[in-house]
Every structure is written in structure tokens, then in C-alpha cells.
Amino acid sequence: MMSKLQIIQSKGQYINGEWIKGNGLILESTNPASGTLLWQGNNATDEEIANACYVAHRALKSWANTSFEERARYTKAFVEQVEKNREQLARLISLETGKPLWESQTEVSSVIGKVNLSIQAYQERTWPKQTETAEANACLRFKPHGIVVVLGAFNFPAHLSNGHIVPALLAGNTVLYKPSEHTPAVAELIIQCWHDSGLPPGVINCLQGNANCGNTLLSQDIQGVYFTGSYATGLRIHQQFCNRPEVILALEMGGNNPLVIDEVKDIDAAVYHTILSTMITAGQRCTCARRIIIPDSQTGDLFLERFAKACKLMRIGSFDSQPEPFIGPVISHVQALKHLHAQKQLIEMGGEIILPMSLLLEYTGLVSPGIIDMTRAKNPPDEEIFAPFAQIYRYNHFDEAIQLANQTRYGLSAGLLSDNKDHYQQFYQNIRAGLINWNRPTTGAASSLPFGGVGCSGNHRPSAYFAADYCAYPVASMEQPLLTTPVQRLPGLVLE
């Protein structure tokens, strides 16, 4: 078991089945709950990135021609390695992201469960099909795109990347993986699990680095990019490929998600699901509700009072503190300051603070939950604040609640807490989002379903169960084993 004070020295870039010590610019990650150095390594150089792309191309033909059953066997061997390293991986996720250990353990379980679900999804959505016609066999098969880049996210450093990598490999692609620069240590352990699975050299390659490394990687000869992150970064990726439409992009870009509270009987249940919607993972889930839309009534007042009290009593701290915390820090001290500045701007726009978000410890990402009433604010920004911070909006009638919920250019998740089934039907019919939940947190999602949004939340390439769709392309064939002249020939042709 690693010590909190131990600095992990990087193994290097993972290229062609080997760890290669590089000499690029220094890259470091810190424990956001303490501000202490955790991992030290190097950014990938341009030469290392080009070499990784070369070996991925070289490995592609053999890997694509490997049977699906054999490719699936490697992914199951990967799961065995993750199982062996379950405790170490969970602890490392907590050290590098600040998540409570209970949440990191849940993430590791998601990594493990993803493989069988991805195999099932591939067989259901991209399995070969054949239909006999009068003239030939009509065949549908699927081929891999080629070399795909996976750009990892820090909030689920093992699970979200894995959600792209596993279906990409199952489909026969080779992978160039650039983790988030905030979570390189977790990425190294995940890649070591792939290495120990016996995966052939060149099939997966890992390149650590900052945004500049990512830009260099995207300029290579690649056929796909799978990204999870902010709208601003996703937009830059989209613009970078405006002259390369042949490269498939799967972009998941977050949201300014609404949660509507109806005139409910169980206020405590509404508070509980709202906390899970807004504050879990320190508000760093793309599905977190940012806007809480409550009735301007006694019910709304009571809900807000209890919600604020529960947030004030919430345990916040390092993952190894006792009693165990509900949330840890945001990913860095820099991000914490950015979120506090966003709160200040909302106050200047007319927002009324109910519970201030505050920095709890200098040089860390530890912030307390914040709540602000934006009902009377002028022109509130339609932006995602990736923090434990909720904006309150009040409504007088349910139609107004739906109107407020839809006042966003995003469209990832939306939720309704209500005892009224008719209201849910109205909500479902009128809300524009890729995930719509009823009496469940907005953060509740299942890997057995698609995961993706509309508007500025994505580009219509949902992941999770539908990831198989963007990892392979369909090939339609009309086939017959013997070359013959048809009995019924077209008019105007004479064959001697």
C-alpha cells in the first residue's frame, strides 16, 4: 500500500508494448486534498507521439484480422488484472482526484463491469447479418475505423476512458490514449493492466501530456477521436477537424443541467436526490444538476431550507479522513479559485447567496457546497460550473418550470422530482436532453443504456451501450459464390 507522501515516478510513455522513459517537459500531478506532489513524469515529445502513431498503424492489420472472440478474450484478461489491483486502483483514484474511497471503489467496479456490457453491445449492435434475396446474399458486416485517439477525463479517470477504449479494441481498432494531465498515475496503472493482459504490442499506446501534446496527437494520421470534457475543448477539436470530415468524432461535452422540483410530499427524499444530483463527486460529473428549479411556494421554501441545511452539514475532506466524507475536493486549487470567481460574478449579476461556496484549505481544491438564488438575476450565463454549486430558480406554474429548464444551449441530462405522472409525461415530451430522469438523480445513468446529449452537450455520438456504433463502420455487400449471367437480361444488350 502506497504512502500518502510517496512521490510516484512515472514509468514513461507506453509505446509498442514497452515503457519508454522520455525527456519531454516535466509533468506533475498533485493530491488535490492536500496540494502535495503525487506523481512526476514527462510530457510526450513530438517524436514519441509520431512513433506511437506509427506502431499503432503497424499493429492495425493483425489486430483487425484477429477474431472477435480473441479480442474479447484480451478484454476479459484485462478485467482479471483490474480485479487483482482493485484496492490499489481505488486508492490511487482517491489520491489523484480527491474522491472519497467509497466512490473510487464504485468507479473500479464500473471499469470491471464495462467489459461484459461492451461485448454484449457489440454483439447486439454491430454483429454480422445476412439476408437471402432472389439474386444474391445481402450481407451486413462491420469494420474498424483504424487508429483512434481517446482523450481521457479527470473526473472518472479509469471508467470514462475505459468506456471508449474497450469498445474500440473489441471492434478491431488500435488506440492512442492521452489521459487527463490531472490523472496520469491512474492512467499508468490502467495501462499496466492492459500490458499484463497480454495485449499485442502497438494495439494500445499511452502518451502522457498537456493540451499541446493533445494537439500534436490530433494532427497525426488518425481515423477517430473520442473525447469527454468541456464544450470549449470539444469545440476546438471540432474546429481542428473541419477540413478532415473523414475522421469520426465522438464528443461528450457536459451541460448546464436542470432539475425541477414539483409540489412533492416527501421533502426529505427530494433533498436527498437533489444532493446526489448537484454535489456528488464535488459537482464534477457532467450530469450534475447546475440549476434547481423550485416552486415559488411553501413547498419550495421548505425544500430550500432543508437542502441548504443538508449541504451545510455535509462532510467534506480527504478520502482517508474519519468519519468518511461525502465529497472531496475539486480537481485542483486553480480550479477552486476559478469556481469562486464564477460565484462572485453571479452575485454581481444579482444572485442572492443562500450558502456561500468557500475555500476550506489553502493551496487545495477543498471547497464547501454553495447555493445561490438566481431568480431575480439579470442575464445569468448559460455555463457549466464544475463544482459543488447549485443555482436556484423559482417558478409559479409547471409550464414555466419547463420553460426555465429548456433555457440552455446544452442538453445532456434533466430531471424531475414529482409525484405527478402527468407532469412527468409533460416534462419528458418537452425537455430537450439525452438523459431524462424521473424521481432519480440527474447523475443516475446505466451502462446498459446510451449516454450522450444534444445541443452543445455532444455531436450525436452517444457512448456507453451505443459506443459500439462509433467504433466501427457498416459495410453492405451483395454476394453470390458463382459468377453467372442472369436469366432475365436488361433490354438493349447483346452478348455474343
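Cβ coordinates are placed from backbone N, Cα and C, and glycine is handled just like the others.
Annotation source Swiss-Prot lists active site at GLU252 (among others), citing sequence analysis. Sequence-distant neighbours of GLU252 (active site) (same chain, 6+ apart, CB under 8 A from its CB) are PHE227, THR228, GLY229, GLY234, CYS286, PHE451, GLY452, GLY453, SER457, GLY458, SER463.
For CYS286 (among others), the entry in Swiss-Prot reads active site. Mapped onto three states, the DSSP output places CYS286 (active site) in coil.
Per Swiss-Prot, the feature NAD(+) binding site maps to GLY229, SER230, TYR231, ALA232, THR233, GLY234; the stated evidence is sequence analysis. Around ALA232 (NAD(+) binding site), no same-chain residue six or more apart in sequence has its CB under 8 Å from its CB.
Taking the Cβ of SER230 (NAD(+) binding site) as reference, residues of its chain lying under 8 Å away and at least six apart in sequence are, in sequence order, MET253, GLY254, GLU384, PHE386. Of all the binding-site residues listed (GLY229, GLY234), GLY234 sits in the most crowded Cβ setting, with the most other Cβ atoms within 10 Å. Neighbour counts of Cβ atoms within 10 Å were taken for the binding-site residues TYR231, THR233; the minimum is at THR233.
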